[in-house]
């Protein structure tokens, strides 16, 4: 049985990546890819890696009936069109922030409110490593944000092990690639201005904090830096654990225990913490093009540093969405997501 | 029926890429990966993309018996060990230059001679787009050089169409990534010295000229530049065709005809010549991680510019070798080689 | 005696570089920097390297009276405003293409005509290494184009020595940085799309051909590639000399003779041709931020390869303009242009 | 009056940068540049930016008598040769860590001890923004470490203003360029492995912590990441101030007050904190090639984030050393250090 799928917002980076994944997915068949700007153009016109694909962008106003509608549109679009999407599709897999938070109040606090709050209760947050409950019955699968994903994957084992108390200081210092800025561009994204940077683009108050606080009950200090890569998000989380699980101090062996406990069976998490050679801690390069997260840690007296590295277009967007869809439709959760990374590779 | 395979020289970039391809190849099973330097280490120690692989490097002096031995060693090693390799394996697929040329005299001219010339006649050159004859019976499959591959793929349709006469001026100006320098490093390859370069590293006389002259009977002017990418080789071939096929001048339509004729059925060649959007001519970025070659052209009065872009580690090395092996063993020639590229991607 | 200067189009890359040079120039004083888009903003708002400068952009419609007006505007603006500029200033130093060619016919052929052809005779082309005649009396100093500059500096010694005959094949293969695209940006210039490229963006027919043909009487084949750097233009000129100066063949010693003869006394040309170490031929990295051109060559049988590398924003634009202005005002021609490059440096 | 100077360890990156600065310094004259590896080679052989310089590397065992000896050798060399250096020179300006800490005990704790502890009392630490006392009489000027410099410049105003209490949590998260690894190279520094990284290379326990704790009495959590640039060190310091100066909370206006108070007259500090445009916070790109530090901050509830960005080869090494030497010899402290940065520039 093949499931039909459409990608709305298919000319963006996450949309293109969804197409890349879905065309070789064993269970989904892409029947529509929409783009207002590139209507009637081949998808290969925008995504050169997909030149062989015989598919043209169509008008998002004329949605076909499908099993799964993947929305890779800018924030605010999905909430506006959610009824339309649910009319057209059995399930909506939304990659934007529009259904990630669980209350209208949260949208009032972190965003500019929500125009369709009555649908929030039908949505299930889908960073599967945080929990798979409810995903099989979800009408709306709300895929996590890229920076929140990296941060939460780094921290989850410390939370699960009771090492972090609610008031513990947690500093998340992120380094991200230019694809997070989207396909549109603008002065700050132009190559001469964006090359070679270490640029604090969100020194405080990034909206992804909202997801993390909602899930972990932690109050986080969040700072995001743009660095010179295209794909990738790396979270370095500096924590000072005082929770019950941290009593007596946290040693490296404790951390191996906690991280193995949390991720032992996870198909998309790879633990990298010390060892020899060039690649000793998580790096975005090592997972570029894949749905893997590298997660690691280091003990440093009162401090525990937790690392995670992902490909923001994959594990941070399209890959996570397909993962969520696999679960929502009851498929093998790794279906279509077994890409292996490259070595060597330049800027991912 | 599964074929057993070993990779000799598996800690280098081409060797690692062979492992990446072979572990997801439907017909081959990797039974050995050798490395003197990293003996007993896991392959993931060197190749972070292969951390999940349960395989350790072993001693190249103790070869197991296999169907296919892939040699990804530096030039000169294969000719020294060829008897040993053929004792151990049904077929040798050699990625070095050691069996690419067809005579001892050619090795005297271009290299430092050949230590096992009696084996040259058992070798078949394997850039399949140039011809597949003899590959099925080959004991030694000699995979083409990366820069020669890019250059020949650009030029072949002009040769086939009789546009290029033997004395026609052909200038091949190449731009290549740092992975061509291999995993070893050295001062010129260090990041501070190698970043951001446009460096004429072989202003004249690159050895890959030999392969091209042998196959096409052309006398070529060859210049290779290092540029800031890791994977990729791009050939810009400036030609001034006066052959019979160029009589009356060469127009864009003639070129489309010639290139379609040459590559219409080739599974790994993608024609890109003009059109709109950002990606109008061949680019290494667009094929990074894949076995594809982008090939294109532009007519300019008396001049025809022919372009080709490949991933030097794939189509220029490991991918081409697997392609040759597929043909030598009578398999589907695309088996294990259907990777799709990424968009966007930084430096491939 | 201090000369007053204004920079029109000062928010662009060349305009900003003019400001950088003029503020530390011993003879010029900047009195005005214009920008329509950033009127009233400090120059440091756009050019972070000039934050200490106490100067705000002003309206280009209200030009102050100065000795020297540097126009760093897009092509077509100077010809439209030339009367205005010459009313305001003793001399116009124009960085655009508007006064580089010497006849209206040439503008009809290569551009969209010329709206002020009566001023062409008052303009003197100012790539000083080609000749300084007429510069001291010039009302309009027409600074050369970046790609033409690199190409002509590579070729001039061969022309001067009579090695190149008018019909000799000359292929100029250029590799250029993203700053050539200007400050504006656009999809093709966005970091995700522009990173890591080897992109044939002008496969044939670049307008800078016009300048070269006018000066050297050569018919040139020109191809320009975008590569991953911000500053820099590198020209690799493949020539097949048959002129009287090439009789009996061209050897390396002949080339050293010709290049030394042509550039022995030039303050801004550095010959780099072979030798040991990492940096053996011209590289843009080595001259980034300076007004230097590295020029080199290699003999290869019938072929001579001539190389030149410049910083397109300096020797290819602002530095060359200041050089021309120095000559036009009878100053020491190196005044304000003695910057030393950096080592190591990433992408210049 | 000209002061004579020698550079020991002149083939390294900091040594080459010292040469660049000293040859255009109004008061110093370089009389010797040593390198064992490159003895008798021109300095331009190693440093392509200095090709015009008529100077050859000489044997470090044969030191000439000079006013100032700059030692840019690896850690451990200066302590071994300090008597020799002080015999040859009026003053030793040491760029290594060998005289930065003030007690043998500190070297026992952080390094492998000290072989000439009797000279420690003759050394004065020279990050001038921390204090200029003692510099004029110093025999040994101990120039600060690059990462410590960036971190301390970010934090100093908070310390001076009494905002930070000794036990306050301070997390310094650094991002640094490949030139910090030195000219030698090695596998981790090779271009294919080092390109495009976000690599936690010192997750905990970087030795520069020692300097910071000695000067500020703070206990710091330090993590250093390699990112894809050549020059540059950026410190993001996450602090949670509870000192007397932080009573009642710290607002943006308080921070402007503290930072202006600390740095108002400093010639090499530029405050960048918010504002519009592309460049709103400190970035290494903006100061590449200069002795400037960009310093900034952001208030975030209980957290204050302090930023600093420097060129590690300049403000973090050679520029800081010349700054210290200027002070030690009673010269204008900005002499020879007025370089302006570039815009645009790629990876600095």
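Backbone N, Cα and C atoms are what each Cβ position is placed from, and that goes for glycine too.
Keep in mind that TrEMBL annotations are predicted by a computer and have not been checked by a curator.
Here TrEMBL flags C:146 as active site. Look at TrEMBL and you will find C:4-138 tagged as domain 'Semialdehyde dehydrogenase NAD-binding'. Annotated region 'Disordered' per TrEMBL: C:181-201, in sequence order.
Non-local neighbours of the region 'Disordered' (C:181-201) in the same chain are 11-13, 46, 74, 175, 223-228; each lies 6+ residues outside the stretch with a CB under 8 Å from one of its CB atoms.
Over all protein chains present, the Cβ of the residue listed as 'active site' has 28 other Cβ atoms lying within 10 Å. The helix, strand and coil residue counts that DSSP assigns across the domain 'Semialdehyde dehydrogenase NAD-binding' (C:4-138) are 49 helix, 30 strand, 56 coil.
Over the domain 'Semialdehyde dehydrogenase NAD-binding' (C:4-138), the average per-residue pLDDT in this prediction is 97. For the region 'Disordered' (C:181-201), the DSSP counts in helix, strand and coil order read 8 helix, 5 strand, 8 coil.
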